[in-house]
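First up is the structure itself, then whatever we jot down about it.
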Amino acid sequence: MGRPDPEEGQLPAPVKPPDGGWGWIVLLGCFVITGFSYAFPKAVSVYFKELMKDFHVGYSDTAWISSIMLAMLYGTGPVCSIMVNQFGCRPVMLIGGLLASAGMILASFTTNIIELYLTAGVLTGLGMALNFQPSLIMLGTYFDKRRPLANGLAAAGSPVFLSSLSPLGQVLLEKFGWRGGFLIMGGLLLNCCTCGAVMRPLDMGMKRKMGKAQDKYEAKEMLPIGGKSEEGISTTDGTKKGKKAKKKPKKGKKLLDFSIFSNRGFIIYTISKFILVLGLFVPPILLVNYAKDTGVPDTEAAFLLSIIGFIDIFARPACGMVAGLKWVRPHVAYLFSFSMLFNGLTDICSARASNYTGLVIFCVFFGISYGMVGALQFEVLMAIVGSQKFSSAIGLVLLIEAFAVLIGPPSAGRLVDALKNYEVIFYLAGSEVVLSALFLGAASYCCLNRGKKEPPPENNPTAGAGSDTEEAESDVQEAEEHSSDNHQPAHSTDNAVVVANEEANHVAEEQRGEGGGCPAGDGEVLARDGCNTDQMVERDSF
């Protein structure tokens, strides 16, 4: 009755993340999507030797397939954000799954390397990008208190799928050739459509239906049974329809919200993440060749990556659990800074490893630190910008990271060719990661903490949920401004209900004069102590 109608420009009450229930199915889908997005470009490398023979090209030419996939995954971030804001997560993921599958299926019929770039590189990479980003957005929608754990479990999909897709690709290559392997891989990517189908949005439609039903129920309670009650209900429904006809069109939703650049925390995060990506992926790319140059056999050198992947599987969920602790979560940015510092120091300390034992120790510590970084990177971003602006924030961050991905590893490879020395590369990569950690920690402490020392508002949000609270308050304020234009129609609805209420009391008084008792339902209108109509209860809702 006195409650604002959500269709009148007022924002409905936000749905609280369930932190479970169907959210676990969403988490499973995000686990699969993360695994395909990060592991698939690396797993495709098992086909490179056969592609080199069939197309008479070099290794660098075939390596561009994986590079294009990763470039599409990172570089199309803003496009994914716009599509998600316009159409929602589920339709975008369904389209992305079809594109990813179609790219690999078409790649199995290609006749030259350029066609492979366009199909397996561009088309499949775009499809995986349209799946990866919406899955993270849905994960942040379904989880709040358990969000750090959910991010850690979802991030574990990358090492699990990497350890599975590479051996599977080798088996498919031996039995069906690269064309048959690409065709079967395309079929596997159709599972992305299944993952997209389970991304059920937290719909507000049920709340609106419940609100309308409650309006009618309250009208029946205030009016006596009979024709008068039906007239009162029809009067309220008619006035609401009049309101809908007179209301102004709503403001369109921003397809890409650039206002997040006014958030100092987002700027700090973006700069530190750009520096991090310059050196983060260099050691695992060069590790196998580095081990071979030190005299390690080929099979043992390849096993080093398996060690990193195995440790990574357990490090990501464990770090997510630690980040979810009450005394850790408000300081999750500093935990992320520590994980980057740990990773950078691991690179620097391992630069002089000259035997297999030293390299194994490096892989153990690198797997732990790499897993911590992977588990926390998106959790920190969600905590900074909030769930409502996360769709725009992640798209812009991935676009900026795309430039770092195209600069870091290729530059490291050129330095190796020029210097013939892996030690310098590990020092350089570790220094970049350490620099990003120090920048994030120092900037967060100096810029953000000092800003908090200024006179804060009365209700001070916590660090973990501050962004969501501020966004909810701003959205409510915008809704109130929008609904001020519709104040007069809403007032007429209340007047109609008051008239109906007065008619009900008049009928009740006539029935009492005829010798009847208190009519049923009048307890909602009359005072509790008897049937005296002079003692009316004034409703706050009017």
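Backbone N, Cα and C atoms are what each Cβ position is placed from, and that goes for glycine too.
Heads up, TrEMBL stuff is auto-annotated, nobody curated it.
These come from TrEMBL:
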type     : residues : note
TRANSMEM : 21-40    : transmembrane segment
DOMAIN   : 23-448   : domain 'Major facilitator superfamily (MFS) profile'
TRANSMEM : 63-84    : transmembrane segment
TRANSMEM : 91-110   : transmembrane segment
TRANSMEM : 116-137  : transmembrane segment
TRANSMEM : 181-202  : transmembrane segment
REGION   : 228-248  : region 'Disordered'
TRANSMEM : 266-291  : transmembrane segment
TRANSMEM : 303-325  : transmembrane segment
TRANSMEM : 332-353  : transmembrane segment
TRANSMEM : 359-378  : transmembrane segment
TRANSMEM : 390-412  : transmembrane segment
TRANSMEM : 424-448  : transmembrane segment
REGION   : 451-542  : region 'Disordered'
COMPBIAS : 468-478  : compositional bias 'Acidic residues'
COMPBIAS : 503-513  : compositional bias 'Basic and acidic residues'
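If you look at the transmembrane segment (332-353) against the transmembrane segment (424-448), you find at least three C-beta pairs under 8 angstroms, all six or more positions apart, and that counts as contact. Just going by CB pairs under 8 A, the stretch in 63-84, 91-110, 266-291, 359-378 that sits most against the transmembrane segment (181-202) is 91-110. Looking at which of 21-40, 116-137, 390-412 has the most CB pairs under 8 Å to the transmembrane segment (63-84), the answer is the stretch 116-137. For the domain 'Major facilitator superfamily (MFS) profile' (23-448), the model's average pLDDT works out to 83. Nonlocal intrachain contacts for the transmembrane segment (303-325), taken as residues 6+ away from its ends with a CB within less than 8 angstroms of a stretch CB, comprise 145-153, 155-156, 158-160, 162-163, 284, 287-288, 291, 332, 335, 339, 359-360, 363-364, 366-372, 374-376, 379.
The stretch from 21-40, 116-137, 266-291, 390-412 that makes the most Cβ contacts under 8 Å with the transmembrane segment (359-378) is 266-291.
Proximity of distant same-chain residues to the transmembrane segment (116-137), defined by a Cβ-Cβ separation under 8 Å and at least 6 residues beyond the stretch ends, is recorded for 29-30, 33-34, 36-37, 40-41, 44, 51, 55, 64-65, 67-74, 76-77, 79-81, 83-84, 89-90, 92-93, 95-104, 106-107, 110, 154, 182, 189, 192, 195-196, 199, 378, 387, 390-391, 394-395, 398.
Counting Cβ pairs closer than 8 Å to the transmembrane segment (424-448), the top stretch among 21-40, 91-110, 266-291, 390-412 is 266-291.
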